[in-house]
Structures are given as structure tokens and as C-alpha cells.
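**Student:** In case it's useful when we look at the structure, here is the feature table from TrEMBL:
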type	residues	note
DOMAIN	A:186-244	domain 'Protein translocase subunit SecDF P1'
DOMAIN	A:261-371	domain 'SecDF P1 head subdomain'
DOMAIN	A:375-544	domain 'Protein export membrane protein SecD/SecF C-terminal'
TRANSMEM	A:417-439	transmembrane segment
TRANSMEM	A:445-467	transmembrane segment
TRANSMEM	A:488-509	transmembrane segment
TRANSMEM	A:521-544	transmembrane segment
Amino acid sequence: MLYIPTWQRVMIWALVALGLILAAPNLFYDRVERHNDALRVIEAQGPSPEAEAERGLWPDWMPSRIVNLGLDLRGGAHLLAEVQVADVYANRIDALWPDVRDALRTERTSVGNIRRVPSPDPAELRVQISEPAGMARALEVVRDLARPVFSFTGAGNRDLDISADGDEIVVTLSAAERAATDDRTMQQSLEIIRRRVDEAGTREPTIQRQGTDRILIQVPGIGSAAELKALIGTTARLAFHHVEGTASDAADPPGPGNMIVPSADEPGLYYIVQQTPVVSGEQLVDAQPAFDQNNRPAVNFRFNAQGGRAFGEYTAGNIGRPFAIVLDNEVVSAPTIQSHISGGSGIITGRFTVEESTQLAVLLRSGALPAEMVFLEERTVGPELGQDSIDAGQVAAAVALTAVLGFMILSYGLFGIIACLALLFNIAMIFALLSLVGATLTLPGIAGIVLTIGMAVDATVLIFERIREELRTAKGPARAIELGFEKALSAILDANITTFITAVILFAMGSGPVRGFAVTLGLGIVTSVFTAIFVTRSMIVFWFERRRPRTVTL
Amino acid sequence: MYRLKLVPQDTTIDFFRHWRYTFGASLVAMVLSIVVFAIVGLNFGIDFRGGTSIRTEAEQPVDVGAYRDALGPMGLGDIAITEVFDPTFADDQNVAMIRIQAQDGDESVSPEVVAQVETALQGVDPTLRFTSVESVGPKVSGELVRGAIIAVTLALAAVLVYVWLRFEWQFSVGAVAALVHDIVLTIGIFSILQIRFDLAIIAALLTIVGYSLNDTVVVFDRVRENLIKYKKRPLKEVLNISVNETLSRTVMTSVTTLLALIALFVLGGDVIRGFVFAMIWGVIVGTYSSVFVASAVLLRLGVTRDWSKDKDDTPGTQFATSGKGA
């Protein structure tokens, strides 16, 4: 008997209706997008007449989730960056030196004089002691500085590896600490990139960690990858260093504990500064673009309490001497300290344009990147090309749909019309699901949908062909339809599960466009099986109950 | 009422009469593909070999020679410039693709080079716009190649296991043989026609795997059913009956899918043309291979047919019942 329980019918049609409603916003893409943007503006800046007008373009009570358009459709920039996580080790090791020095000084009687010696590996601290007999004691003292590692995998380990090499103590970060540091570096980098991109105010950026040390950044609507790189690629590491002198050659030996830094404005001028900064950018709490007394663009900054105190003490003790403001290993300016600066705030001057000072303020405010980034992949797609692709995709999809619908009706008559309705529901449901999961539609994704249009018909064809076969053995139309659905089921499921497996593997292994394609293909399989087995069946049963035909021609 | 019928109602085509020849032809085609691939190789896009690819659009016609002269003195190594033609372009839309090889020793992509190239080209034609600029470093491209090979291999392995579980091992070997056949022939045609092979083509390859498999499984499903129905008939006959019974569906599905794909091929723009071409080719080859490779392998290997009564039920229904609820 052809029979579907009422609750099942209700369920089936409720799902179809839900699909149609959720897919609807995509038909009014531009309006809904402006509505959503306006809502965001209102939430961030409070209501304004323009925002309210934009908001009114789409009713609030309607679903407003829409499919995100990928970069290849909307235009924008894509970057794959590798964070140089090892950079951080050297900074950690540098910061360790004062502690090691102080600890060993208290043991001067047994270890003698101590001296930091340069090491070929910057992530290594080498300290020479003049009394090799005290080495055991020295190691013991330095080992006391090591702290347990707080991380999931590194629990139970200490953060430093300490060994002796002749009359030198060698301190490096332990493997567990390196892993923990890498993880922290990545978290910080992600957070800072996110803040910088958000400050730029673009819509729906994607910022994802990939693998151990990579970050994928996709920003729709931005002009070029170079622009995006300028925004996020600058480390913006700011520090204030004590100046020991100047030099005219980068190869000049800076002396122990010092480093040589080029001037940003004057080529050929180098500053010799102390390696350990007086105050660093982490102590900054605010930075704003401003103008100096000569009306040149500058950046105002303010330190937190700790930084302000350190800066105050330093300026009080060094009046009349220059100090260097170092940004990303370049001296932006080296003003002479005029007086004790106690308020914890100051101004950075240099040869900035207004844009540069504004950007520098943004970068300083969002914090410095803990490590440098190397870009492995860069893609820019212009908005015109994206629009061309959308237009072409829409035309192609419309033609494909018409051709397939016409072909189905020619081949199966009334049943063909039912199949066409099912196909339209199917497409609506794909869009509903894509919007619901916040998937991104890419060009291969459109191809995936077009392919689904072709393949969704397959499940229906399997059923209809089977019904035809069963009709020939003359069991009566009701029984034939019933058997058609029943016997086609195993083929439909097997065929679709295998295709679904490939979609899952594509999703798991693929990246970028491949992933977008896998998502539409996978969702398309789910909805096409649902429409073939349930929706088509339900429509046929409905027709059959009304008409009660003696014979069915298919 | 008129019905379009691509396939007559009851066909009794003997598909396996010359199976040795058709199977042999497939083998020859595969060997040829491998030879062409080995000698000529694929025209890898920057995704797989690294480098920079710039798409330009201009109002004036593209002058490949002038572009080349402008870029020549920069010493960037191998530069490929091709004009792109497409029916979807407007009259004043002249598009070219410029591919620059990965620069030695540069892991990251240098924006300076891209900027220089853009300036040099704008000297030739000031109306030139750069609608897309893509750069991939050699490190990533190597990984993408590895990832693609792993994805295809994993997909094949998963299929092997699934079909084995649902059918018998002979079916599984047949299905995978058909898939390998399809992939090898696709790589062959891409080598012959020198169509750009990039990341999206890998997606197309896997779709071909999916589609071909879909087709093979539908035939196999019928074979399994008929093996139970016609216990005494020789395997060759059962295979023939099954292929004939599913022929109408095979043709219908292939035609609808091809209709959709051809629309996309003609109207979808040049950016995805290679991708769609791979799929069209895959649908044709995949349909062929489910009969002439997958079933032929099955015929050669034979099937264990002493399925007892309770075994009859299990292969066809275990997933069907659980699948209904999903």
C-alpha cells in the first residue's frame, strides 16, 4: 500500500518549508547584506537615521543568514603566513641574562667573575665563569631559575635546559618549553592579527590557524594582498633603548651587551644601543595619532603604571643624554632627554606622513606581533573578476536548470514535473544549509551546485526507472510505485554514501577552493537523498490518493 | 502523451561479447596516458609549482609580444604569457594571463617584483588593470602536491573498503580498477591538451571518482540482486542482464549531468573552464568504465555464488534500514 503516516508528512513538509524560508534571504542578497551591516553598525555605534534606513531594507523577523561569498567571487585578499616561532626563543633567552647574572653574582666567591659570551645560536645563552672549579655550584644556582612548564603536554618538565661546556654555562629552552612557547606565540599572533584586521573594519574576515605555525588570513573587499600585508605583516615591536653611541658602519662591533641598529631616516647612520630595552611596547596602553610642536605628524603614547615608573626612573637619571625609540629594529628617533618624564606618556616623532602616523598608532595599540611572519602564499582577486564569475555562474546555473527540467518533463511527463519540483526544493535546501552553517560559496562551489543539479536527478531517475520496470510486471500501479521506491533504495544509498565519503575526504584534506567545493557537494548529497526518498515520494502519494488512477504511465 | 526515450524499453545488447577487446583498449589508453604524462607532463599551475600568476584586463587588444618585451629585461626567468578568449567577455575586455616562475631562493613571495611587473606592463598599456594576482611559494606548492596525492589515495582506499564491506572483494577490486582507469585517463587528457592543472582540478578528479563510483555501484547493486534472482545462469549473462536493465538510468543520469556541465562549460567563464572540462571528461569516461572496466574485472575474477539464505538479506539491507532513519 502507498501510505505515509501523517506525522511523517508533516515532518517532511515542515523541513521543506524551513528550507525555503532559510534560503529566501539569498534571493535578496544585497538587501539582506546591507541590513546585516546596519545591525552591526547600530550595535557598535548606536542608532543613526542612515543605519535605521538600511536596517529597514529587510524585516527583522525574517531569517537573515546568507551564504558568504568567497574571495574568488567577491574579490579580496588571501594570505598564508608562517610565523617565525623560533624568533621568540632568542628574546626569551635575552631576557634571562639579567636574572642569571644576578644569581651568579651572589656566588662570586665560588664561581669567580662572570661574562656573557656570544653564541652562534641566538636561542642559547653562554656564560663564562673564571673559576671552573665552581661549575657544579654555578649550574645548581642557574638550575634554580628554571620553572616548571605549564602546558598540557609538557607537564612535569622544567623550562630550561642547563649544561656545562668547558668553562661556559649553556642555557637553552627545553623542548617542552619551546612547544609551549610556540603555542603561546601562535595564540598571540592570531589575536593581534584579528585585532588589526578588525580595526580596519572589513566584513567577515577569516583568520585561522593552520598546522603548527601557519596562519591563513582572508579578507574580502580589501584592495590587494600588499595592503593587507602592510596592515598585519608589520611586527610593530616598539622599545626604548639606552644609547651608547653612534656608528657609520653596520659591521662595527657594538661591544658586549649592545646591539647596532640602523636609523630609519638617515641612511648610513647607525646607533649602538643596549640590548636590553629600558621599556618595551608591551607596556603601552594607548597610542594615538597626533602632531608635534612643529605641526608634524607624530604618535602620542601612554605606558601602564609599571612601564611609566621604569621610564620615569630612567629619564630622571639620564637627563641630557639621548635615548632611542626602536621600531622593528630601526631607530625611528633618538631624542635627547630634556627633563624627568614622570607621567608615563610621551610622543614619537619622526618623518611620518599623516597616514603613517595613523597606521603606526593602530599597530601600536593592537600590540606587537611576538614574531615575524613570512608569507608563503598571496592571492588578490579584483572585485570585477568576482562579479564576472558570479554573473557567468548565474547564467550557467539558470541554463543548466532549464535544460535539466525540460529534459525530465520530456522523459517522465507528470512524474517529471514532480521531479522538477523536488529539484527546486533541493536547491533551496542546499542554500538553506549553506547559510545555516555559514559556509563560504566559491566558484568551484557553484560548480558543485550545478553538478548537484545534474546528479540530484540521479536518485529520482533510479526510482522512476525502477517503477517503470515494476509496472511492466503488471502488479498494479500502487504496488509498482511502492516497489520502485523500495528496490531503488539500496542503490541510492550505496551510490550516495560512496560519493559522500569522497566529499568528506576532500573536506578533510583539501584547502581553499577544494574545501568550498566539498561542502556544497556533501550538503547536496544529503539534500538530494532526502528529496528523492521523502519529498518526491510524498508528492507522488499525494497525487495518487487524489486521483486513484487505474493505470500509471511513466 | 509523448515520452522522450533515449534508450528503448527492453535492450539485449551483449556488452561483454568483446570484453577482451574493450578491456584491452582501456589498458592501451591507460598506458598511452602514462607515457604522455611521463614525456610531456602536466601543465601545472602555480598551486603546484610555485610562482606568480597575474591576470590582466585591458580595453586595447592584448599584445603578447609587447608584454614580453616589457618584462624581458627584468630577468625573472621563465615567463609565460597567454591571451584568454571567452565568449562571456565583452568587446573591450581583453584578458591575458602572465605566469612568472618561482624566484630562486625566495620562500616568500616578493611584492616588489609584482609591483615592478605591474609598472612595466602599465607602461605598455596604461588602461591595463590587474584583476587577480596570485603567488604561491615553493614550500606550499610542494605540500599541496603531497596533500592532493594523499587525498586521492585516501579516497580510493575508503572506496575499496566500503565496497568490500557492502559487496564482495571482487566488486571492490572492479570498482577501484574503474576509478584508477578514470583518473589515469583524465591525467592523460590533461597532459595531451596541456590544460592548466591546478588545485581545483584535484577537486574535479575527486568528483570524477565520486561520479564514476556512483555509476559503478548502481550497476553492481543490480548485479548483486540478479545473482540471487538467477542462481543458475552464467555470470556473463547475469552481468549483461544487469547492465541492460540499468542502461536507461545510466543514460538518463549521464545526459542530465552532462547538460548541466555543458551549460557551465559554455557559459561559466574561463576561470572554471578547465575544472568543468575535467568533469565532463570524467562523466563520459566514468560511465564507460563502470561497464567496460568494473564489470569486466568482475567477469574475469568471478564471484562466489554460494550465498546462503540469510546471507542474501544482509548485503542489501543492513545499511538500508539504518540509513532510513538518518
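Numbering starts at 1 and runs along the chain as it is shown here.
A Cβ is built for glycine as well, from the same backbone N, Cα and C atoms used for every other residue.
Each of these features: where is it, how hidden is it, and who are its neighbours?
**Tutor:** The helix, strand and coil residue counts that DSSP assigns across the domain 'Protein translocase subunit SecDF P1' (A:186-244) are 23 helix, 19 strand, 17 coil.
A Cβ distance under 8 Å defines the sequence-distant neighbours of the transmembrane segment (A:417-439), meaning residues of its chain 6+ beyond its ends; these are 15-16, 18-23, 25-26, 63, 65-68, 401, 404-405, 408-409, 445, 449, 452-453, 456-457, 460, 464, 516, 519-520, 523-524, 526-528, 530-532, 535-536, 539-540, 543.
Outside the transmembrane segment (A:445-467) by six or more residues, the chain places 70, 393, 396-397, 400-401, 404, 408, 412, 415, 419, 422-423, 426-427, 430, 439, 480-481, 483-485, 487-488, 491-492, 495-496, 499, 513, 516-521, 524-525, 527-529, 531-533, 536, 552, 554 with a CB less than 8 A from a CB of the stretch.
Counting residues 6+ beyond its ends, the transmembrane segment (A:488-509) has Cβ neighbours under 8 Å at 455, 458-459, 462-463, 465-466, 515, 517-519, 521-522, 525-526, 528-529, 532-533 in the same chain.
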**Student:** As a test of reading the model: what is the averaged pLDDT for the domain 'SecDF P1 head subdomain' (A:261-371)?
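**Tutor:** Its mean pLDDT is 82.
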**Student:** Count the residues of the domain 'SecDF P1 head subdomain' (A:261-371) that DSSP assigns to helix (H, G, I), to strand (E, B) and to coil, and report the three numbers in that order.
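**Tutor:** Counting residues per DSSP class in the domain 'SecDF P1 head subdomain' (A:261-371), I get 29 helix, 41 strand, 41 coil.
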